[in-house]
Structure formats: C-alpha cells, structure tokens
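S.K.: Quick one: this structure, given as structure tokens, is what I'll be asking you about.
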Amino acid sequence: MLNTVYRLVAPRRFEVAFNDIDLNSDKVVVRPTHLSICHADQRYYQGTRPADVMAKKLPMALIHEAIGDVVYDATGEFKPGELVVMIPNTPVEKDDIIAENYLRSSKFRASGFDGFMQDNVALDRDRLVRLPQDIDRTVAAFTEIVSVSVHALRRFERFTHARRNVVGIWGDGNLGYITAVFFRYMHPDTKLIIFGTNEDKLSSFTFADETHLVWEIPEGLTIDHAIECVGGDASQKAIDQMIDLIQPEGTIALLGVSEYAVPINTRMVLEKGLHLYGSSRSGRADFEKTVELYQEYPEILGYLSNIVGAQVEVSSIADMTKAFEMDINKMMGKTIMIWNK
Ligand SMILES: NC(=O)C1=CN([C@@H]2O[C@H](COP(=O)(O)OP(=O)(O)OC[C@H]3O[C@@H](n4cnc5c(N)ncnc54)[C@H](OP(=O)(O)O)[C@@H]3O)[C@@H](O)[C@H]2O)C=CC1
Ligand SMILES: O=C(CO)[C@H](O)[C@H](O)COP(=O)(O)O
Ligand SMILES: [Zn+2]
C-alpha cells in the first residue's frame with residue numbers, strides 16, 4: 001500500500017515523501033485523525049537543536065502525540081474504525097529492570113524515526129491502546145504528554161519518602177498543568193503548590209491549594225517534594241529555587257528538557273541529602289494507566305479540555321506550517337491538528 005509521509009527536511013520546511021506499507025506483515029495500520037504539537041517538535045521545526053543533531057535527525061516526520069482510527073489489521077484483533085492512541089516509544093528488547101522508555105536501544109517517533117505526520121501509520125500491535133469511542137478527540141490527541149505525567153507520578157510513588165504533606169510543581173505551562181491535574185487526583189490530601197511566572201496561566205490551576213509567582217514566595221514556605229516542568233533556559237533558576245525551598249531528604253523530579261547542561265547547586269543537594277531523578281517519555285503501561293484514569297475520573301477530561309488551544313484543520317503542507325506557526329505564538333494550550341489527509 002502506497003503511503004504519504006510529511007517530513008521536515010529543514011527548519012520550517014515540510015516535504016512530501018512516499019513509503020510502502022506491507023499489508024501482509026503483522027503490523028496494524030492506523031489513519032491519524034488528531035495530532036498534537038509538543039515542544040520537542042517545535043525544537044526541530046524551528047531548528048533550535050544543535051546543527052549536528054538536526055543534520056542527524058532530518059528528514060523526519062514530526063509529531064509523537066496522536067490518535068487515529070484503525071484501518072487494517074490482517075489478524076482481525078483490531079477492527080476497522082476502532083479509536084486508538086499510538087505509542088511513540090518503540091522498544092526492540094525487553095528488560096526486567098529498565099523500563100522500555102529508558103532502554104538506550106528503544107526508538108522514539110519524531111526523534112529517532114518518522115513520527116505521526118503521515119496519511120497512514122503502520123505500528124506493532126503492542127504500540128496501540130484502545131480509547132473509549134466517544135472520548136473528546138481534541139483532548140485524547142495529547143494523551144502521550146498526559147502519559148508522561150502519569151509515568152512521572154508513578155515514579156514519584158516509588159522514589160518519595162512517606163512525608164508528602166506539601167508538594168510543589170514548577171512550571172505553569174501544559175506539562176505543569178497536566179501533571180498537577182493528575183497529582184490532585186492521585187494525592188487529594190497533599191497540599192499542592194504551583195510555582196509559575198504568569199498570573200493568567202496560574203489562575204487556570206483552580207484545583208491547586210496555592211499558586212505563586214516565583215518572585216513572590218511567602219516567607220517560610222517549604223515543600224517536602226518538588227516536580228520540575230519548566231525546561232529550557234529557565235531550568236536552572238527553577239531547580240535553584242526548588243533546592244532552596246525543599247526540606248532535607250526530599251525528592252526533585254526533573255521533566256523539563258534543556259538543550260544544554262544545567263548547572264546545579266550540588267553543595268546544597270549534598271547538605272540536604274536530596275534525591276534528584278529524571279523522568280522522560282512513557283511506555284505502554286503508562287498509556288494503559290492513563291486511559292484507566294480517564295475512565296475512573298471522567299472529570300479529568302474536563303480539566304484537560306481547558307488546555308485545548310487552537311484546532312487547525314490540516315489538508316495541505318500550508319496548513320501544517322500554519323499550525324506550527326500558530327503554536328509558536330500561543331500563550332498556553334495544546335495546538336491540535338485535525339488531520340484531514
Ligand atoms: N520529560 C518528558 O518526557 C517531557 C518533557 N517535556 C518538556 O517539558 C518542558 C515544559 O513543557 P511544556 O509545559 O509543554 O512547556 P511550556 O512552555 O508550556 O511550560 C513551561 C512553563 O514554565 C514557565 N516558567 C518559566 N520559568 C519558570 C520558573 N523559573 N519557574 C516556574 N515556571 C517557569 C514558562 O513560563 P514562560 O512561558 O512565561 O517562560 C511556561 O509557562 C519542555 O522542556 C518540554 O520539552 C515535554 C513533554 C514530555
Ligand atoms: O517530548 C518528549 C516526550 O513526550 C520528550 O521531551 C522528547 O521525546 C525529547 O525528544 P528529543 O530528544 O528528540 O528532544
Ligand atoms: Zn513530547
């Protein structure tokens with residue numbers, strides 16, 4: 001089956017390419033319907049990654065957050081028309097200790113190989129998780145970033161000590177918001193404080209106990225554990241502040257991606273006996289848990305709908321460019337491409 005792929009070939013330039021999908025293989029063919037743009041896509045689209053990385057990765061189809069309808073499964077396990085979320089992480093080995101998203105051998109769509117900007121996507125069957133057929137597709141489109149938060153919170157359960165009276169989340173953007181929503185449901189009794197840089201954005205965290213601008217922290221405020229959802233050049237300031245406000249023996253989860261190494265106040269990490277852990281991407285178990293939580297707490301979908309941003313109908317390369325440009329200029333929210341391909 002001839003398939004069309006829309007690859008980024010240079011910053012801000014998409015081009016059409018073709019590949020062949022073998023219908024006799026064990027793969028399931030999915031037609032994407034709703035795609036959502038991540039910061040990582042923007043770093044490639046705008047060419048803000050180092051030149052050697054760009055040269056190594058491009059040309060490549062972007063987007064690792066997407067849902068779609070099954071169009072073909074030779075085995076009949078998936079029926080045509082079933083709604084699924086596609087898992088971008090693609091492991092090639094199993095390990096008893098190391099999760100699939102941390103195996104150095106795993107490939108990740110729109111980072112190591114083609115993402116979901118295609119007319120059809122052929123995936124291994126374990127890379128699909130069924131979604132409720134009637135789910136709001138504009139929300140379900142960004143299930144992947146939601147599963148990243150769920151993954152991080154599962155690690156939080158593993159790595160934090162039992163005193164979880166006060167937890168701080170740094171970052172008033174999309175990842176901070178999603179992580180905070182799920183944290184609220186998973187830890188209803190913990191005091192949840194959001195630290196950000198914009199009052200308008202902070203006002204959307206209605207379910208948090210407190211929100212603070214990072215330059216207006218009340219005297220004496222402390223936290224037991226911290227989660228960083230900032231990334232980029234601001235990471236250093238955020239991590240510094242976390243180290244200042246955290247109680248000894250607390251944990252700091254690092255989720256924000258930075259292009260360059262971030263200096264960290266290791267003297268205070270040592271003196272306070274802190275635990276810093278990274279949390280990146282997600283695997284099948286996290287997607288399954290996310291869909292389970294959507295069903296257990298349907299109100300979560302309502303909270304997530306607050307960050308649905310621009311919805312762009314896409315049927316041409318010009319529309320793709322329009323969606324990415326609109327995404328750059330947004331204040332907050334996920335830009336959704338409605339994939340009319
Ligand atoms: N670990 C993983 O697997 C994943 C990581 N990410 C990464 O997470 C990061 C955040 O993503 P996303 O939420 O989409 O991005 P956003 O830009 O929406 O969010 C970051 C937010 O942090 C705010 N901010 C800036 N400085 C500080 C500070 N010192 N303290 C607290 N908040 C601050 C920003 O404000 P302002 O805009 O005003 O600067 C912005 O609102 C990115 O680096 C992204 O690549 C994303 C998905 C998955
Ligand atoms: O967004 C992400 C997961 O949802 C990660 O930040 C992304 O996978 C990082 O990829 P890259 O190394 O290509 O920047
Ligand atoms: Zn992402």
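The backbone N, Cα and C atoms fix where each Cβ goes, and this holds for glycine too.
Source: prediction; values computed, not measured.
Copying in the features that TrEMBL gives for the protein in this structure:
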type    : residues                    : note
DOMAIN  : 25-133                      : domain 'Alcohol dehydrogenase-like N-terminal'
BINDING : Cys38, His64, Glu65, Glu144 : Zn(2+) binding site
DOMAIN  : 219-295                     : domain 'Alcohol dehydrogenase-like C-terminal'
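Describe each of these features in terms of where it is and what it packs against.
M.R.: Counting residues of the domain 'Alcohol dehydrogenase-like N-terminal' (25-133) by DSSP class, helix then strand then coil, yields 17 helix, 37 strand, 55 coil.
The Cβ of Glu144 (Zn(2+) binding site) lies under 8 Å from the Cβ of Ser36, Cys38, His64, Glu65, Ala66, Val85, Ile87, Pro88, Ser282, Phe287, each on the same chain and at least six residues away in sequence.
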S.K.: Just give the helix, strand and coil counts over the domain 'Alcohol dehydrogenase-like C-terminal' (219-295), going by DSSP.
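M.R.: Taking each residue of the domain 'Alcohol dehydrogenase-like C-terminal' (219-295) in turn, the totals are 33 helix, 14 strand, 30 coil.
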S.K.: Quick check: with Cys38, His64, Glu65, Glu144 left out, which same-chain residues have Cβ atoms within 8 Å of the centroid of the Zn(2+) site Cβ atoms?
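M.R.: Going along the sequence, the neighbours appear as Ser36, Ala40, Asp41, Ile63, Ala66, Pro88, Ala110, Phe142, Ile145.
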